[in-house]
Every structure is written in structure tokens, then in C-alpha cells.
Amino acid sequence: MSHTPKRNPALRPPFSSTTASTSSITGIDTVAPSVSQDMDERAALIDEERAGDSYGAVPSLKQGATPGRRQSTLVKRVKYYIPSTAWIPTYSFSLFAGDFLAGITVASMLIPQSVSYATSLAKLSPVTGLFSASIPGIVYAFLGTSRQLNVAPEAALSLLLGQAVSDILHDYDDRRHGPLDNLGLRVGLISFLLGFFRLGFIDVVLGRSLLRGFITAVAVVIMIEQLIPMFGLSELLHVLDPETTFEKAAFLFRYALSRMNPVTTIISFSSLFALVALRYIRNRFKGIWWIYRIPEVLVVVVVSTMLSAKFQWDKDGVDILGAVDVHTGGSFFEFPLKHSNFKFLRRTTSTAVVIAVVGFLDSIVAAKQNAARFGYSISPNRELVALGAANLAGSFIPGTLPAYGSITRSRINGDIGGRTQMASLVCSGIVLLATFFLLPWLYYLPKCVLAAIIGLIVWSLLAETPHDVLYYWRMGAWVDLAIMSLTFFLSIIWNIEVGVVVGLVVSLLLVVHRSSKTRMTILGRIPGTDRWKPIKENPEAEESVTGALIIRIRENLDFANTAQLKERLRRLELYGIDRLHPSEEPRRQQASVLVFHLADVESCDASAAQIFFELLEEYKNRGVGHYMAHVRPQLQRTFEKAGIVDLLGTDAFRENVADAIAIVEGIRQRDSLFSQ
């Protein structure tokens, strides 16, 4: 009997998602969209990889291609770049029940959340949050590759935007034409261009530790920000005007008990307790579908609004939402670039970059989780383009918040039964209906309840932090812990933007530092054979030819990793494979012959070839012999163009290491005979 080894839960990687069954909780058919859609996507992906062109470029067809073949290729390209043209014609109405139910459920959470983010975090009108939760989601549903991703305002990004804009509005009186009018445009444009130029790999370059440090810092900042309205201290806050997070924390310690509004405080913490209790009950009874689908946020909003209207809480000093104008400016749609907001371009561009990068990182984590869970593939570059287009469309409504994917809402979308982008269309449609027809019903909604809703979000943001810290600690990932801590403390001490920017810079520097070290090793002969193996990995391998240094380069050569090739080669020549400080005395004699094993090198760019030429020329002037073994044809052509073949001569290029060493030994035997 075989036994499956149990995994240590403490060592579960951060941000991992448990693979769930595709069976719906309601018993609704949850078969993934048709196989033809997946086949079309795979075929288009293969065609694109062969083409190698920039995003959106359709490679020219070979001469003699039939019109049918040309039309088939065009259809594949359209389906690849506009995914909705693939899934809409093949959409099965057996999936609609699950998509519709998922859309309604997510919308019931999203409506009060969006109002909370807009009013409490971004300091804007509630209607801007609702438009941000609908318009971008519709655009993404047609262009995005993730079937469950819910695109809407996020707490962290709303806070980041609110802090940046608040700093500017201190020196600016006219709030009707502020920096938000073009910030959404720049956020969307940055995301779009990142995808257009195929920079979707940034989610691999920037580590999860940075994102966790950012999320943890945001959670702490939001908690402090929202405790102020929960205690009814908003008016006093405007009078004293503390700026930093530390000042606001000190403000709370000083005035929370002495100057709080008792009615507001009771309502706030009662709402928070109700939210936590309802969420606990819902998660405890996941097997009972009607309990699991209870929208606890919507329930608390409806009940608190009804109680506020009945007992006239606003007369007791409780701040309520009041009347909300659906129009956001002089007209519903406005071109975001105007002369009145040009002056803010420089001051808010860094914020736009940070929002675009962090928003994409959060979105791609959510998209990959759902893709792995439901068995389909996504394209990071097309995700960037879709998210960029969604925010570009939203920017034409003045004051709209940036919208990106949510891990929590996307997971719930899949849990309830969402299997295609139709769930996002349903969700956005319901949010739009609520924007135009339901806002008057929220007139008596206490704003402290919105703060309590965000308090629940804070709990979700902080829930994974202890696990991630423990994981990095157990793994001995001190660099990840350092990046996470640096991002967190700078975000708290200085501000969110500074913390993220410094974390991004440090992460990129670490990536550059690691990529600049060419992976290479010393080879030795296996006794009694003509096989050559790394001496570090094979203790029996030995360097049998005195003065001959055999180096195997184990990766492609580019300008980044070749810049330090000379220094790395010198250390191997003088110290071997031992990790010694450069101040130590050399342990080896300088090499008289260098043999490069290049079987792992498939390509070498122009800068790397130039650096390699200069290195070989320097060794040649020193009287060191050179041989190149296992050189691929493409690399050989590069060396010919760079002048390396002319420098060393064609005899220096051998089929294998044994051939090169045989020549070296033959030359030495001949020289030995002549010397006698």
C-alpha cells in the first residue's frame, strides 16, 4: 500500500491557493467552457510564439497562401487578442445560472465596498466608486483572459490614490477639476503599454515578499484611518489635521475615549461584530448553499440604513451618506486631459506607476490562482492590455478610481459558480443599476458603517501575514523578510508610495545582481574515460592537465551576465570552486590554456559578444591558449560576426572537450621532445 506524504502546512508557500473541485455548491453544471475555445487559444498562442512580433501585430502570410488559410489565421488572431470573440459564440446557457448567481453575489459585496473605498479611502463621491466597479469590469470581460477575475476598486490602491491626491488638494481649492481627472488615464495607459511591449514578466521579477509588505502596511494604515470615523472623530480630525500615520495614531490614543461620539461608536463596532459573525457563520456552513451565499456586507448595510432612518441617528451626530448626485461633473463623459489638470502631471505620475504595477501584481496572482484551479491558461501580457483598456475606458468618467483584480472577490466568484466572463458582465450590470436607481435608498446609511466594512477588509488583508512571515522564517529566506520589512516600515514611517518605490528598486537591484553572475563551473575528467563533469558535483572528477582550465558556461550570454564575466573567470582561475575572500592568497596558478564548454549557450547578444571578444583578446595577449567546444551553429555565426573566430582561428573551435584536451596534450608532448 502506498502512502501519500503529508505536507507541512507551515511550509505552504505564501499566496498559494488550495486546488478546489470544479463541482458547484448548488449542483449547477460547472463544466469549463467548450474544448474548442481552449484549442483555439492554444493554437493562437503557438502561432504568436512563432511570429515573435509585438502585441497586436499579425505576421504576414507566406506567398501562395490560400484565401481560406489567410481567413483562418485572421480568425485565430482575433480570437487570441479579443477573447470574447472566442467564448461568446460558444457560450453554453447551461453555464448561465452559475454565472448569474456569481454575478449577483459579487455585486452585493461590491456595491457597499466600492462606496466605502470612494468615500473613506479616496475621499471622493460614492458614485465614483460605483462607476469604477462597473465600467472597467465590462471592458475587461471582453478583453481579459481570466474567466473569474473581478475587476473593480481595491482598498490598497484607493488609499494610495487618496493619500496622493489629498497632499495636492491642500494647496488647491477647486476640487471639481483635480488631479484625478487624468490619473486614471495614466494608470490605464501605463498598464496598456506594459502589456503592448510584453513586460508581463514583471510579476516574476518582483517578489511576493514586496507585495506582502505593501499589503500589510496598507492594512495598518487603513485600520488607523478608519478608526477615526468609527469613533466619530472626523470633525475633530479636520480641525487638528494630523498628516502622517504616526500622528493619526497619536490622535486616536489621545481623543478616542475622551471625545468620541457614543452613538457612532456603538453603531460602528456593532456593525463590525455583525460582519465578523455573519462571515464566520457563512464559512462554517459552506455545505449549505443558501447560508454560504449570504452577502454579509449587504445585510449589514440594509439593516443599518433602515435603523438609521427609523431612529433618526443623524440627529444624534451620526454622519450619514446623504443625497448623492449621479453626475460626476459638468457632463457624464469628459476627455481626461484638460488644461486645468496639466499642472498635476509631474506630481502624480509616480503614483500612477505604483498603482499600475501593484494593481497588476495583485490581479495576476488572482488570475493565476483561478486558472490553475479551473484548468485553463492566461497570458500576463494580454491581462495587462485588458486591465489597461479597462482603466482607460473608466478614465472618461471624471474621478473614477483605478480598477484591478481582487483575490478575494475572484475566489468567491469561482466558488459560487462563475465559469466565464459572463459573471463579470452580470456583476457590472447590477452595479450600474444600483448606481442610477438604488443610491437614494442609501440616504440614511451611516458612514461609520462604511468604515466598519473596510475594517473587515483590513482583517482579510492581515490574515495571511503571520503565515507568510513564518514561511520565510522557516525557509531561511532572510532577503525576502528584509524586503517585506523594509516595504512595511517605510510605508508606515514615510508613506505608502515611498515604501513601495523603495521596495521595487531593491527588488530590481537584487534581480540585476543575481542575473549579473554568469553561471559557470570547472570541469574535470572522470578517471579512465573521456567524460568531463563539474568537479563540484562529482568528487571523482579531477583536473588531469596541468595549467588547463576547463570552464562550462551554463546559460545564455547577454550584456547583464557578461559584464562580470572577467571577474568571475579570474576568481575561478585563482581560487577554483572554493568561496574565498579576494584578500586571500591565490590557491591556484594562472591558467596557460582555457577551454570553454558552450553546449548550454544557445545565444549571445551583441554587447556580450563584444565583452567576450575583449576578454579573449586580453588572455591571448597574455599568452593563454583558447579552445571552444560544443559550439552551437547560431553561436558560431555570432562569434564570426563579432570577430572572435578571426581572433582565435578556426582550429580553436573543437567538437568536444576531449578533442581540445587531446590537442593540448599533443602539443605539450611535442614541446617536451624538442626540449630534450
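Positions of Cβ are set from backbone N, Cα and C atoms, glycine also.
TrEMBL labels come from automatic prediction, so no person has curated them.
Per TrEMBL, region 'Disordered' is recorded for 1-40.
The compositional bias 'Low complexity' feature in TrEMBL is assigned to 16-30.
Annotation comment: TrEMBL describes 91-112 (among others) as transmembrane segment.
As annotated by TrEMBL, transmembrane segment applies to 124-143 (among others).
The transmembrane segment annotation in TrEMBL covers 183-201 (among others). Listed by sequence, the residues of this chain that lie at least six past the ends of the transmembrane segment (183-201) yet keep a Cβ under 8 A from its Cβ atoms are 54-56, 161, 165, 336-337, 344-345, 348-349, 351-353, 355-356, 359-360, 364, 379-395, 400-402.
Away from its own ends, the transmembrane segment (213-240) comes close to residues 120-121, 155-156, 159-160, 248-249, 251-252, 255-256, 259-261, 263-265, 268-269, 272, 317-319, 358, 447-448, 450-452, 454-455, 457-458, 461-462, 465, 483-489, 491-492, 496, 499-500, 503 of its chain (Cβ-Cβ under 8 Å, at least six residues beyond either end). The annotation transmembrane segment is assigned in TrEMBL to 213-240 (among others).
Residues annotated as transmembrane segment in TrEMBL: 260-278 (among others). Outside the transmembrane segment (260-278), and at least 6 residues removed from its termini, the chain residues within Cβ reach (under 8 Å) are 229-233, 294, 296-297, 299-300, 303-304, 313, 316-319, 446, 448-449, 451-453, 455-456, 459.
Under the heading transmembrane segment, TrEMBL lists 290-309 (among others). Beyond the ends of the transmembrane segment (290-309), by six or more residues, the same chain brings 25, 101, 105, 108-109, 111-113, 267, 271, 274-275, 278-279, 281-283, 318, 320, 415-416, 441-446, 449, 452-453, 456 to within a C-beta distance below 8 angstroms of the stretch.
Taken from TrEMBL, the feature transmembrane segment covers 344-364 (among others).
Taken from TrEMBL, the feature transmembrane segment covers 384-401 (among others).
Feature annotation from TrEMBL assigns transmembrane segment to 421-439 (among others).
Sequence annotations record features per position, and here TrEMBL assigns transmembrane segment to 444-462 (among others). Residues 112-113, 115-117, 119-121, 155-156, 215-216, 218-219, 222-223, 226-227, 229-230, 232, 234, 264, 267-269, 271-272, 275-276, 279, 297, 300-301, 304-305, 308-309, 313-314, 318-321, 408 of the same chain lie 6 or more positions beyond the ends of the transmembrane segment (444-462) yet place their CB under 8 Å from a CB of it.
What TrEMBL lists as transmembrane segment is 482-512 (among others). A Cβ distance under 8 Å defines the sequence-distant neighbours of the transmembrane segment (482-512), meaning residues of its chain 6+ beyond its ends; these are 156, 159-160, 163-164, 205-207, 209-210, 212-214, 216-218, 220-221, 244-246, 350-351, 354, 357-358, 468-469, 472, 560.
Annotated domain 'STAS' per TrEMBL: 547-664, in sequence order.
Within the chain, the transmembrane segment (384-401) has long-range Cβ neighbours (under 8 A, six or more residues past its boundaries) at 55, 117-118, 122, 124-125, 128-129, 131-132, 135-137, 139-140, 143-145, 151, 153, 157-158, 161, 178, 180-182, 184-185, 187-196, 199-200, 328-329, 332-336, 356, 359-360, 363. Residue counts for the domain 'STAS' (547-664) under DSSP, helix first, then strand, then coil, are 57 helix, 20 strand, 41 coil. Packing against the transmembrane segment (124-143) from elsewhere in the chain are residues 82-84, 110-111, 113-118, 149-153, 158, 162, 180, 321, 324-328, 382, 385-387, 389-391, 393-394, 397-403, 421-422, 424-425, 427-429, 431-432, 434-435, 439, 442: each is 6 or more residues past its ends and has a CB under 8 Å from a CB in it.
Long-range contacts of the transmembrane segment (344-364) within the same chain, counting only residues at least 6 positions beyond its ends with a Cβ under 8 Å from a Cβ of the stretch, are 149, 151, 154, 156-157, 160-161, 164-165, 168, 178-179, 182-183, 186-187, 190-191, 194, 200, 202-203, 206, 211, 214, 378, 380, 383-384, 387-388, 402, 404-407, 497, 500-501, 504. A mean pLDDT of 88 is what the model gives for the domain 'STAS' (547-664).
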